[in-house]
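Down below is the structure, laid out as structure tokens.
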Amino acid sequence: MSDDSSSPLTTLKILIIGESGVGKSSLMLRFVDDVFDPEQAATIGVDFRVTSMAIDGNRVKLAIWDTAGQERFRTLTPSYYRGAQGVICVYDVTSRSSFEKLNHWMQEVDTYCTNDNIIKMMVANKIDMPNRVVTREEGLKFAKRHRTLFIEASAKTKEGVQCTFEELIEKIIQTPDLWDNDRPSFRLGQPTGSSGGGGMCGC
């Protein structure tokens, strides 16, 4: 994140999706405010935070939408996805059901996203927990099949949290069609080795 007061290069809309209880709000709050609440309440509808970060020397403003995972809020789905440039899909490595429902979330992204080349990041959360039931290999295989970035993280210990957002934003900036409508002459340099190829976060 950046405290630079200069005008941002662009403003990006980032969604955080996944089943209820997987730690979506905890990931967002750890990234934005560097706090962790083990008793974090379930999101009602949508939570919304604005922050900024520096990418390749440019300040990028982020509008982060933390969406509710409960079925009763799904009627609001189309408005959530409209105009988003990036989506973070979270599952809980201690919950097999949250992993098995990833197909549903990927279908929802494909159905409602208005940007065909939206950048997707799969996050395996709660890797600090001892009762893990979803392996790293399973997560990587799913991410590869759906052509998404992949990282393991813990909102509690902070592991992987900063990298999740950095890698996602770098990929978006490297895809000017997603955000560069008003700046036709501006292009960042070539992707770095840590950001190219594969589905793994290189942080």
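Even glycines carry a Cβ here, placed using N, Cα and C.
What Swiss-Prot records for S20, G23, K24, S25, S26, D37, P38, T43, G69, K126, D128, A155 is GTP binding site. The motif 'Effector region' annotation in Swiss-Prot covers 40-48, and the record cites similarity to another entry as its basis. Swiss-Prot lists C201, C203 with the feature S-geranylgeranyl cysteine, giving similarity to another entry as the kind of evidence. The feature cysteine methyl ester is assigned by Swiss-Prot to C203, with similarity to another entry given as support.
Taking the Cβ of S20 (GTP binding site) as centre and 10 Å as the limit, one finds 13 other Cβ atoms among all the protein chains shown. It is S26, among the binding-site residues K24, S26, whose Cβ has the fewest other Cβ atoms within 10 Å in the structure shown. Regional average pLDDT for the motif 'Effector region' (40-48) in the model is 60.
In the three-state DSSP scheme, D128 (GTP binding site) falls into the coil class.
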